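Contents: one structure, followed by commentary.
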Amino acid sequence: MATSEENNALFPIFILTIMALPLVPYTILKLCRAASKKTKSIHCSCSVCTHSGKYRKSIFKRISNFSTCSNLTLVLLWIIMAFLVYYIKHISREIQVFEPFSILGLEPGASDSEIKKAYRRLSIQYHPDKNPDPEAHKYFVEFISKAYQALTDPVSRENFEKYGHPDGRQGMQMGIALPQFLLNIDGASGGILLLGIVGVCILLPLIMAVIYLSRSSKYTGNYVMHQTLSTYYYFMKPSLAPSKVMDVFIKAAEYMEIPVRRSDTEPLQKLFMLVRSELNLDLKNIKQEQAKFWKQHPSLVKTELLIQAQLTRESVALSSALQSDFRRVLELAPPLLEELMKMAIMPRIPQRYGWLRPAIGIVELSQSIIQAVPLSARKAAGASAEGIAPFLQLPHFNEAVVKKIARKKVRTFQELRDMSPQERADLLTQAAGFSAAEAQDVEVVLEMMPYITIEITCETEGEEGIQEGDIVTMHAWVTLKRNNGLVGALPHAPYFPFHKEENYWLLLADSGSNEVWMSQKVSFMDEATAITAASKAIQEAKEGSGASVKEINAAVSEAVEKVRNGSRLVMGKFQAPAEGNYNLTSYCLCDSWIGCDKKTNLKLKVLKRSRAGTRGGLTTEEGPTVEDGLEMEEDDEEDGYDDYESEYSEDDEDGQDTKKTGALSNGVAHGEGSGSSSEGSGTDEE
């Protein structure tokens, strides 16, 4: 009886212990991380972003931010633990330890006469002849009688005083901290215990494995469907025009799964009339073009119209039924564009190079979606190769404002950025008619915009000069500066309803041949990870060159300081091509801001091989190369479309011109500023 009660009491304690072992350390870790978070705001504080509600800290927003799956689970587990503590405390009061003196209501060391007197008194109260209650009979037999016997019998009393039990020394007893009904193997409870063991030890891991395998077979690590990657690979071509990137992007399997309802027909037709000018339709055959557009798969039509609603800022015209689909399309856009970018820069056999033109078009589409700027605004206009798109991402700007400031000789976005704050305020208030508050909003956004600097070197480790077939190592320091002092920040994107971190793509490419020699994604958000990666890379490079421990430590310290000041180390390898002079260009492309990209020229001289043997095959960080049999042939059907000119398109005519200025002949280049047009590269050091 006592053993059963003890096991029943230990079971909740056992469960409480199992829960507390992982829960308490995890909660402490979570609280420490929350306490160590920087309170400095990293998002835009202009009035447009504030009114968008994306960063509003209302009580509902705070509850929504707290009500994550992990937080709710954590709270639920603590509630269960509190209940177990209360239950254990309550049940411990009900378990009565066998104490003869306490049962008889006596103090320890009472005389025999006091024991007999107390026994007679309790017998009158609990004896079966006096009290017919079954519980009274049970208490009299199991407690009162045994207590009296233990205290009146000399041997029993001696055993109790010496060993704590009337029967003398007791052997060790082992038990299982499970409820008694689960330990009754002879009855139906034996099946319950067996079912629990089978469920927890066999069925639960099996179900989790099936769910994981079924999901992993459908999605990649970036939560993009494998079918989407196959589709992107199939339609990716080296001559893919920037305006045709949209046609490939919307073919994602995720977008094909968005439901098309009959009730969507009329709202989509109204939306079509609003965005028709952005659909690259031939105005000479507008009827045929419209009919051809609507004959596409309904999911493609719906997705493209919803994306155009974002680009033209016509989302307010959407019906309530389309709003959820609109948000879903935008939520999926960043990871899909990232995978599409990887498909464009994926090394292809036999040259082992990616494609530059589609990569630039993908980044431009990403910028336009985040900033809600139409692709037609990127057409070159006047002195600006970027068009008016960079201006339209600023708050309160439109085409009329751009024309007004153009009359004041401010025709490019870089000219606006290079002005002093007072000059800008005077220009906007006097020429554009902005109020002081609106001019301040523009100033806040311009302070958030990044300035990019690139220091890049290409060399062959352990050898002088670069010879054909060598494995060339590229070292690049990408530095980001903002006027407000931040390094990692969220871009100004009031029309994009989700939080979006800035990401950058560093491409080393030959614009003449449309080849991407090396590529890597760069992020400025996680400083700790960047410090670890830079320290490891510098240490390995110095150890490989035979540097001393003091030199290694000094180089690592210098690298850590650079990272803390807003720089990121990018390293990559590529195989040197055939002998010749190559005019390369390094592109640092931002997927969120328009007009903040950086382009730097780099001259690479490859000598004829004179060293014996060749180095090993090129290994890249971009994953496996594409099999030769799967490579797509170039399709020139885009030639018939009216395409907007990319801001980088002037490089396509340069070819292998060895007289290009702004480059270095030793494989080293330094690029400063943030201009992405041809004027921006004029600051390269000679």
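Quick reminder: no glycine exception, Cβ is built from N, Cα and C everywhere.
Look at TrEMBL and you will find 624-655 tagged as compositional bias 'Acidic residues'.
Marked as compositional bias 'Low complexity' by TrEMBL: 675-686.
Taken from TrEMBL, the feature domain 'J' covers 99-164.
Residues or ranges marked as region 'Disordered' by TrEMBL: 614-686.
Here the transmembrane segment (12-32) has Cβ contacts under 8 Å with residues 74, 77-78, 80-81, 84-85, 87-88, 91, 177 of the same chain, all six or more residues outside its ends. The transmembrane segment annotation in TrEMBL covers 12-32 (among others).
Among the features that TrEMBL reports, transmembrane segment is placed at 66-88 (among others). Cβ atoms under 8 Å from those of the transmembrane segment (66-88) belong to residues 9, 12-13, 15-16, 19-20, 23, 26-27, 30 of the same chain, restricted to positions at least 6 beyond its ends.
Annotation source TrEMBL lists transmembrane segment at 192-213 (among others).
Note on the domain 'J' (99-164): DSSP counts are 49 helix, 0 strand, 17 coil.
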